[in-house]
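Lifted from Swiss-Prot, the feature list:
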REGION    1-75  region 'Interaction with AREL1'
REGION    1-31  region 'Disordered'
MOD_RES   Ser30  phosphoserine
MOD_RES   Ser52  phosphoserine
DOMAIN    151-197  domain 'SOCS box'
CROSSLNK  Lys173  ubiquitin cross-link
Amino acid sequence: MTLRCLEPSGNGADRTRSQWGTAGSPEDQSPEAARLAKALRELSQTGWYWGSMTVNEAKEKLKEAPEGTFLIRDSSHSDYLLTISVKTSAGPTNLRIEYQDGKFRLDSIICVKSKLKQFDSVVHLIDYYVQMCKDKRTGPEAPRNGTVHLYLTKPLYTSAPTLQHFCRLSINKCTGTIRGLPLPTRLKDYLEEYKFQV
């Protein structure tokens with residue numbers, strides 16, 4: 001998945017790329033820059049965002065990983081911000097994520113694009129497809145007609161996540177109502193900073 005800015009001008013991706021790394025207070029940012037900054041903050045909390053990495057480096061990291069293992073890295077293509085690299089039965093591959101009108105979605109052929117679900121963040125998109133793969137995958141299935149099945153099942157972490165983060169993931173898998181838990185407000189705030197299961 002590669003994050004792509006769909007703007008008609010040739011410099012739209014460059015402008016979006018510069019906004020992706022924009023720091024500063026939310027009051028100083030345009031709405032689009034604020035959305036991108038929030039998406040980057042969420043992505044940075046995952047532990048599976050690798051930042052700057054080449055295609056070959058991603059392939060090397062995923063070479064011995066089980067099928068379904070994935071990571072997100074910066075795209076080396078100037079029209080895109082991010083790429084998800086995933087291990088398939090045929091080896092590592094890369095997929096695109098498009099960014100348009102404040103939404104993220106998988107890149108696809110034109111006739112399918114309008115049917116693809118859109119998300120407010122990259123992490124929400126990944127979380128959705130990981131959960132969908134858990135629901136659909138019952139075991140190894142032989143590809144038909146040369147088709148390679150793509151499963152997102154397990155992130156490849158840059159380093160071991162903290163115990164706090166693993167606990168947060170476990171709680172998110174068990175409940176969607178954090179505010180109703182008998183926990184201190186500060187802990188509820190921490191849990192709500194990252195509402196995803198992956």
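Note that Cβ sites are derived from N, Cα and C of the backbone, with glycine treated the same way.
Structural mapping of features recorded in Swiss-Prot.
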{"residue": "Ser30", "record": "phosphoserine", "DSSP class": "coil"}
{"residue": "Ser52", "record": "phosphoserine", "DSSP class": "coil"}
{"residue": "Lys173", "record": "ubiquitin cross-link", "DSSP class": "helix"}
Alpha-carbon distance [Ser52 (phosphoserine); Lys173 (ubiquitin cross-link)] in Å: 30
Between Ser30 (phosphoserine) and Ser52 (phosphoserine): CA-CA distance (Å): 25
All-chain count of other Cβ atoms within 10 Å of Ser30 (phosphoserine): 10
Protein Cβ atoms within 10 Å of Ser52 (phosphoserine), excluding its own: 9
Cβ neighbours of the residue listed as 'ubiquitin cross-link' where a neighbour is any other Cβ within 10 Å: 12
